[in-house]
Each structure stands twice: as C-alpha cells, then as structure tokens.
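Q: Please see the structure below; I have some questions.
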Amino acid sequence: MTPELNLKSLGAKTPYIFEYNSQLLEAFPNPNPNLDPLITLECKEFTSLCPITSQPDFGVIFIRYIPKDKMVESKSLKLYLFSYRNHGSFHESCINTILLDLVRLLEPKYLEVYGDFASRGGIAIKPFVNYAIKEYQDFKEKRLLNAK
C-alpha cells in the first residue's frame, strides 16, 4: 500500500494558471534519502515575457538536483513553470527565482537551474545558477566551472 502523499495536482483536473505562482509547487518524501541520485528535469517549452517589450521569450529549462528528504512532484513543476507564461521577467531573474523557489520547497543537498533561451537579436542568453549545502560545496564549484 502506498503512503498518503497529500498531492493536489497529480490525478486531478488541471486548471492552467499563466501568472507566476510558486504555491503550485509540491513535494513528496524521498523514498531513498540515503542515496545521492543526480536527478535531471527538462522543460522544453518554457515561456515568459520580456519585461520591457512584452514580447514572448522561449527557452528550455534544465533543473538538476540531489534530493535530501523531499523530491519535487513533476506535474506541479510543470504547472509552476507554465505559470511564467504571462510573467514579465528577464531570463536571469526567471532562473534565479526558479532556483530559490525549489530550494525553499525541497531543501536539497544540491540544485542547479540552467536556461537555454532562444536567440533574440542574434544573441542567446544561457543563465546558470546553483546551490549546495555545506557538504556539497566542492561539487557546486565543479559544476559551476563546467556549466553549459
């Protein structure tokens, strides 16, 4: 028998919200907290708005993390990332906010967010940000040096 996870999004009718909302994120207990898997999540259809021109920006968001006690529920992550659709923010700010929201929710051992945004005016912006608890600082520094 599976434990009660108290998830609101998974298996329910999906109301799509297109205004930034960190409350959409949900987590569940890590079933193997003694292991250190590096989990990769990829959102191939991330969209937000330029805060100056209100033009849409498109990108691929890569989230990698080593969980501690909690893991992100993937449908809630999808809904959360969709909530940026009409949100006006620079690429770098989006990536920083995603990291901060996930760190607040999960309290992971390690987490990184990388955005591969479509070129605009011939320039592609590819922000990277990462976080680590004290025991994973060396890993964080190595990942930062080898960021895409």
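The backbone N, Cα and C atoms fix where each Cβ goes, glycine too.
Summarising the annotation, Swiss-Prot assigns active site, thioimide intermediate to CYS50. Annotated active site, proton donor per Swiss-Prot: ASP57, in sequence order, evidence recorded as sequence analysis. Swiss-Prot lists VAL72, GLU73, SER74, HIS91, GLU92 with the feature substrate binding site.
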Q: When you put CYS50 (active site, thioimide intermediate) at the centre and draw a 10 Å sphere around its Cα, which of the binding-site residues VAL72, GLU73, SER74, GLU92 have their Cα inside it?
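A: Within 10 Å Cα-Cα: none.
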Q: Can you give me the Cα-Cα distance between GLU92 (substrate binding site) and ASP57 (active site, proton donor) in Å, rounded to a whole number?
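A: Here the two Cα atoms are 12 Å apart.
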Q: Give the distance between the Cα atoms of ASP57 (active site, proton donor) and VAL72 (substrate binding site), rounded to the nearest whole Å.
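A: VAL72 (substrate binding site) has its Cα 25 Å from the Cα of ASP57 (active site, proton donor).
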Q: Can you check what DSSP calls GLU73 (substrate binding site), collapsed to helix, strand or coil?
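A: Assignment for GLU73 (substrate binding site) reads coil.
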Q: When DSSP is mapped onto helix/strand/coil, what comes out for CYS50 (active site, thioimide intermediate)?
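A: Its secondary structure by DSSP: coil.
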Q: If I restrict to non-local contacts, at least six residues apart, and a C-beta distance under 8 angstroms, what lies near GLU73 (substrate binding site) in its own chain?
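A: The list for GLU73 (substrate binding site) reads LEU5, LEU7, SER9, LEU10, LEU25, GLU26, ALA27, PHE28, given in order along the sequence.
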Q: Name, in the order they occur in the sequence, the residues of the same chain whose CB lies under 8 A from the CB of SER74 (substrate binding site) and which sit 6 or more residues away.
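A: When sequence neighbours closer than 6 are ignored, SER74 (substrate binding site) has LEU41 within Cβ distance under 8 Å.
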Q: Taking the residues VAL72, GLU73, SER74, HIS91, GLU92 listed for substrate, what is the greatest CA to CA distance in Å, to the nearest whole number?
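A: If we measure all Cα pairs in VAL72, GLU73, SER74, HIS91, GLU92, the largest is 24 Å.
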